[in-house]
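Record features, source Swiss-Prot:
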type: BINDING; residues: ASP34, ALA35, GLU36, TYR37, ASP38, SER83, LEU84, GLU116, ARG139, GLU176, LYS293, LYS317; note: NAD(+) binding site
type: ACT_SITE; residues: LYS118; note: active site, N6-AMP-lysine intermediate
type: BINDING; residues: CYS411, CYS414, CYS429, CYS435; note: Zn(2+) binding site
type: DOMAIN; residues: 595-673; note: domain 'BRCT'
Amino acid sequence: MNDQGIKESIETLKEQIRKYDYHYYVLDEPLVPDAEYDRCFKALQQYEEQYPQFLSPDSPTQRVSGTPSDAFMPVAHKQPMLSLSNVFTTDELKAFIKRAIEKLDEPNQQLVFACEPKLDGLAVNMTYEGGILTHAATRGDGAVGENITANIKTIASVPLRLRVSNPPKLIEVRGEVYIPKADFEAYNARARELGEKTFANPRNAAAGSLRQLNPEISASRPLAIYCYGIGACEDYKLPNSHLEQLNLLKEFGFRVSPETRRAVGIEGCLDYYQYMLAKRNQLPFEIDGVVYKIDSISLQQQLGYVSRAPRFACAHKFPATEEMTRLIAVDFQVGRTGAVTPVARLEPVSVGGVTVSNATLHNFDEITRKDIRIGDTVIIRRAGDVIPEVVSVILEKRPANARMIELPKNCPVCGSEVVREADEAIARCVGGLYCKAQLKRMMWHFASRKAMYIEGLGSVLIDQLVDEGIVHHLADLYELDLQTLASLPRMGEKSAKNLLSALEKSKKTTFNRFLYALGIREIGEAGARVLAEHYCDVEGLKAATIEELMTLNDIGPVAASHVVHFFAQAHNLEVIDRLLELGIHWPKSEKIQVNQQNPFFGKTVVLTGTLSTMGREEAKAKLLALGAKVSGSVSSKTDYVVAGSEAGSKLIKATELGVAIIEEDEFLKWVNS
């Protein structure tokens with residue numbers, strides 16, 4: 001057979017296999033037995049091995065690369081992948097639609113919506129040039145994502161070439177990668193049998209599987225995808241309807257959710273919401289709400305975008321899922337400040353698709369208020385679909401032998417006394433750093449990014465250092481040596497040297513970071529900055545009184561008493577002195593006198609978006625230096641919102657609440673005046 005004949009045979013096999021793939025993975029209608037498919041696939045492989053000059057990147061054999069990537073490279077999206085604004089109630093949905101209608105050229109028209117399930121997976125962007133899949137990326141920050149091309153190719157229902165003879169010059173196809181419920185359960189069952197790691201939920205499994213450096217691992221996972229939209233498109237006339245564009249994607253060879261529906265007006269949207277809510281547990285995939293999009297593309301273009309969210313679409317989230325189960329025991333966990341937190345151990349129950357066997361009880365006031373007892377049948381909710389909590393007790397199911405939950409007299413970790421102050425809901429272990437649980441959490445906080453920032457000192461290594469008796473106090477970290485570190489499991493000489501370098505680098509810090517790192521109760525990042533600005537050094541704080549501290553912005557009576565108590569404890573001062581002797585230092589500064597006439601003094605300010613002249617932390621530092629309180633969320637108590645480019649949902653909320661919005665130019669004038 002000559003070269004032309006060989007090339008034609010290869011193309012025939014490729015077309016045949018693509019057809020089989022499409023019917024099997026997209027239409028769920030197998031055309032041939034598996035054995036016949038395998039024979040065709042093997043024949044194609046043999047041809048390509050024998051005649052590599054005819055191997056092309058869109059061949060079905062190229063779905064998996066055997067060579068692991070060194071790292072994920074950044075990929076810029078041609079058209080940004082925007083997030084959706086969320087609504088949780090009917091009133092919020094009505095307000096969203098009302099705002100959209102008011103911005104249209106013809107506000108009295110009846111709106112038609114494309115309604116889709118909101119899959120709980122990982123959003124991806126696939127780029128096709130001349131009909132060939134050239135690269136794929138995660139959403140990332142909306143503008144730039146991670147290159148996952150090799151991994152996307154392992155998903156059999158993703159076409160490597162569009163099923164049309166006249167494809168667009170370039171098109172971006174957006175979709176959600178997920179793992180079906182049944183496949184997730186089967187995968188976890190196999191993993192348990194093999195003693196391998198299992199996943200907590202399908203969403204985590206999908207995200208973890210897709211972001212593997214080795215695409216062969218991705219290929220071993222049961223990944224699937226539904227496509228939901230088009231980004232950039234060049235040299236191709238798209239329909240003026242989102243629903244018609246979804247039909248076009250089907251023609252191109254993509255899977256589109258069969259649950260997509262057309263709805264008219266708000267009533268149609270609410271009907272779809274109730275329909276999907278009722279059907280949620282019967283669906284083969286996880287969803288956490290529904291998405292409404294105005295169907296007309298021309299109307300979408302009229303409405304445009306607010307920062308990172310479109311005005312023409314929103315996600316209507318489902319309420320937290322609740323289930324019933326039995327509370328069989330209560331354990332106690334110890335935090336950084338000694339807080340003893342009760343944790344419910346439950347008979348395992350599936351809540352919103354996740355098996356829950358533990359739930360927070362918050363504190364003893366909550367236990368008393370809800371009258372929770374061991375043996376009770378309780379209602380469990382995944383708060384925010386993430387953190388399981390005990391909501392209430394079903395009293396009529398309470399057994400005769402139900403037992404009261406008692407506060408332990410001694411710490412479950414170190415055996416020290418557990419004390420609960422009369423006016424506090426939280427009980428605490430008094431063991432301090434003698435308690436291994438507190439020491440571990442304290443070390444983790446001390447090393448964190450906003451504290452001393454000791455890169456490479458993570459929770460696993462901290463556990464080793466404390467459990468092996470290598471570290472007994474914070475200062476012991478700075479006396480670690482290469483031999484000790486290198487001898488630890490999974491450490492090695494290179495990692496040990498890197499950690500020692502990070503420890504040395506962390507010695508040069510600032511007074512506010514050092515104070516924050518000490519973990520004084522009720523003193524967060526902002527409070528530490530206020531203290532550092534007014535006291536400059538440890539000696540000044542040692543002499544501070546509660547009354548004096550309370551005159552400072554953002555320091556209340558509780559925080560003030562904790563500061564005075566902390567610096568009155570001899571063992572705390574010993575640790576501080578030892579840390580300073582080991583080389584921790586910061587630039588000396590003069591006591592700052594804040595001009596109380598500046599416009600930010602005493603005001604609550606929220607930063608959102610990107611400032612072109614400075615980073616978020618620098619802007620925050622300037623505001624704090626002017627006596628402002630910088631908050632992470634917008635509320636009715638917010639005085640100003642400083643809005644940079646690509647400002648997000650905080651800007652929307654500020655507008656809705658009537659909060660004053662300051663653009664970057666005005667912000668710079670105020671802080672520099």
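Cβ coordinates come from backbone N, Cα and C, glycine included.
Other C-beta atoms found within 10 angstroms of the C-beta of CYS411 (Zn(2+) binding site) number 24, with every protein chain shown included. Of the chain residues outside the Zn(2+) site list CYS411, CYS414, CYS429, CYS435, VAL334, GLY338, ASN410, PRO412, VAL413, GLY415, SER416, VAL418, VAL430, GLY431, TYR434, LYS436, ALA437, GLN438 have their Cβ within 8 Å of the site's Cβ mean position.
According to its DSSP assignment, LEU84 (NAD(+) binding site) is coil.
The candidate set comprises the binding-site residues LEU84, CYS414, CYS429, CYS435. Of these, CYS429 has the most other Cβ atoms within 10 Å. For LYS293 (NAD(+) binding site) paired with the residue listed as 'active site, N6-AMP-lysine intermediate', the C-alpha to C-alpha distance reads 12 Å. Shown in sequence order, MET81, LEU122, ALA123, VAL124, ASN125, GLY145 are the residues of the chain, 6+ apart in sequence, with a C-beta less than 8 angstroms from the C-beta of ARG139 (NAD(+) binding site). Helix first, then strand, then coil: DSSP counts for the domain 'BRCT' (595-673) stand at 28 helix, 18 strand, 33 coil. Each residue contributes its Cα atom, and for CYS429 (Zn(2+) binding site) and LEU84 (NAD(+) binding site) these two points are 44 Å apart. A distance of 65 Å separates the Cα atom of GLU36 (NAD(+) binding site) from that of CYS411 (Zn(2+) binding site). Distance noted between the C-alpha atoms of the residue listed as 'active site, N6-AMP-lysine intermediate' and CYS411 (Zn(2+) binding site) is 45 Å.
Put simply, LEU84 (NAD(+) binding site) is 45 Å from CYS435 (Zn(2+) binding site) when counted between their Cα atoms.
Per-residue pLDDT, averaged over the domain 'BRCT' (595-673), rounds to 82. Cα spacing between CYS414 (Zn(2+) binding site) and LEU84 (NAD(+) binding site): 47 Å, rounded to the nearest whole number. On a Cα basis, CYS411 (Zn(2+) binding site) lies 62 Å away from ASP38 (NAD(+) binding site). Within 10 Å of the Cβ of LYS118 (active site, N6-AMP-lysine intermediate) there are 21 other Cβ atoms, across all protein chains.
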